[in-house]
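Since the structure comes first, as structure tokens, the remarks are kept for the end.
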Amino acid sequence: MDETAVRIRGLRKRYGDVDAVDGVDLDIPRGEVFALLGPNGAGKSTTVEILEGHRRRTGGEVAVLGADPGRPTRRWRARIGIVSQTSEERPQLTVRETVRHYAGYYPAPRDPDEVIEAVGLTEKAGARLARLSGGQRRRVDVALGIVGDPELLFLDEPTTGFDPDARRQFWKLIESLAGDGTTILLTTHYLDEAEALADRVGVIARGRLVEVGTPRELGGRATAKAHVSWTGPEGPRTLETHSPTQVVAELSQKFDGEVPELTVTRPTLEDTYLTMIGAAR
Amino acid sequence: MTAQAMPSTLRIGLSRGALELRTFMRDREAAAFTFAMPIVLMLIFGTIFKGEIKGTGVDFRQYFAAGIIASGIASTTFISLGVGIAQERDDGTLKRLYGMPMPPAAYFIGKTITALVLSVAETVVLFLLGHVMFGLNPPGTPERWFTFVWVFVAGVTVCTLLGIAVSSVPRSGRGAAAVLNVPYLVLQFISGVYFTFTELPKGVQDAGAVFPLKWICQGLRSALLPDTLLPVEPAHAWEHGRIALVLAAWAVAGFALCLTTFRWKRRDDG
């Protein structure tokens, strides 16, 4: 079997005289959770929709599970799962009716009740969708995305509008899917989400993939200067340094014990990300 | 990896039909809008209209009942599908389906099943009301039954195809009902539903004769009403050949429009 789930070379999408996607290269190996980050209008959704077979590309080579998504076949569709940003299911149907119905489209679907269990809706299985909360409806979307037992799952901003608790629970669900070996391509606006879930992160800005790396390494984060902050006699102080341990040791001696309001931070993924998309602008 | 067989198009289509019907039963607004409207109109106008159509011995309310049955078919097909599909396109349902391993034909099989079941139910209800209130009788001979069935099937087919085609016209799901009801209402007035067709001004008759509803009305009258009505029919004959021809032409046009205009995504969605 092909070990690459997604292979992109020189992908281009042109609307009028604007290049929404302007030469993207990317490989996503099987089993990886890959997060695509980028501001609105950066080409993130366009790229994903081309991979999903929803949009035609203007140029470049794309292979998704070894096939060209520009010519989607039913059999290929049965191997991918899509959870898109906006999709409405019929509010008059129950969770179980909905999941069972769509399971019937696939040659080898997962057991609908097991899928409902996996997304944590067992207690709501007999409830009509109209009676579910926003987060619960999103779980139905995910249930429909995975009911066909896909090899590759697209998750387009899956937790937008979730409260923090619902997001944490949702992350657990995604982690368990990834643990089963499903390749996942995630787009998100939440940097902590990418950091928590993704093996690798790609930042897209103005139609170009600016950088790809692990969340820890992205934008030189791992080797970036640390910020040591404390409150001295003359007020709050901050020092940027490559050797924070030494700075803290010196401060400790100077204050003879506890350093008031001591913090040591490295740039968050969000800081790094904002710097990167700022530079691309 | 062993390649399991894909579920057949027919099986998915039947499953979609069942899903659509179940949704419809639970959706009071849609049920009221497309199913109850013709019944309400029949009840209202049935109490207003009076008298015989001159020289025919036929109660005008029976003439009206045949017309409202044709309107009912148009409501459960043309309006119901046109509005329903426009909304499904707008809210992303169609896009989701396109992203699943569903053969497009299965979607249309599901829609056709829904339209057919609802049309049969609507026709039965309207006929029973017409029978009880206005003394409308079922077709009297096997030939008339045959006429009734083929006109019904042709009417459902044409209006279903046109409903699917017209779903691409409204820009939003929200406005779809308003957009589609305009031609629907106008056609009812110029096709011989609320007025005896031949009493309409000549120009209006000519306009009405272009569209299928006039011919469905006429065909249903030919199955349900006596030949004493012929003097007030436009050609003083039932014109079965012409009815079949016009409906066939609209079916072909509707099918061609479906194939060329159907979109799985919103207009603004690339």
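Glycine is treated like the rest: Cβ placed from N, Cα and C.
Automated prediction, rather than curation, is the source of TrEMBL annotations.
Copied from TrEMBL, the annotated features are:
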- B:29-265: domain 'ABC transmembrane type-2' (DOMAIN)
- B:30-51: transmembrane segment (TRANSMEM)
- B:63-86: transmembrane segment (TRANSMEM)
- B:107-133: transmembrane segment (TRANSMEM)
- B:145-166: transmembrane segment (TRANSMEM)
- B:178-197: transmembrane segment (TRANSMEM)
- B:243-262: transmembrane segment (TRANSMEM)
Same-chain residues near the transmembrane segment (B:30-51), Cβ under 8 Å, at least 6 residues beyond its ends: 24, 59-61, 64-65, 68, 71-72, 75-76, 79-80, 83-84, 118, 121-122, 125-126, 129-130, 133-134, 177, 194
Remote residues contacting the transmembrane segment (B:145-166) - C-beta distance under 8 A, at least 6 residues beyond either end: 70, 73-74, 77-82, 85, 108, 111-112, 115-116, 119, 123, 138-139, 180, 212, 216, 219-220, 222-224, 240, 243-244, 247-248, 250-251, 254-255, 257-258, 261-262
Beyond the flanks of the transmembrane segment (B:243-262) by 6 or more, those residues with Cβ under 8 Å of it: 108, 150-151, 154-155, 157-158, 161-162, 164-165, 167-168, 211-212, 215-216, 218-219
Beyond the flanks of the transmembrane segment (B:63-86) by at least 6 residues, Cβ under 8 Å: 30, 33-35, 37-39, 41-42, 45-46, 49, 53, 94, 111, 114-115, 118-119, 121-123, 126-127, 129-130, 134, 136, 152, 155-156, 159-160, 162-164, 166-170, 172-173, 176-177, 180-181, 184, 187-188, 191-194, 196, 213, 216-217, 220-221, 224-225, 229
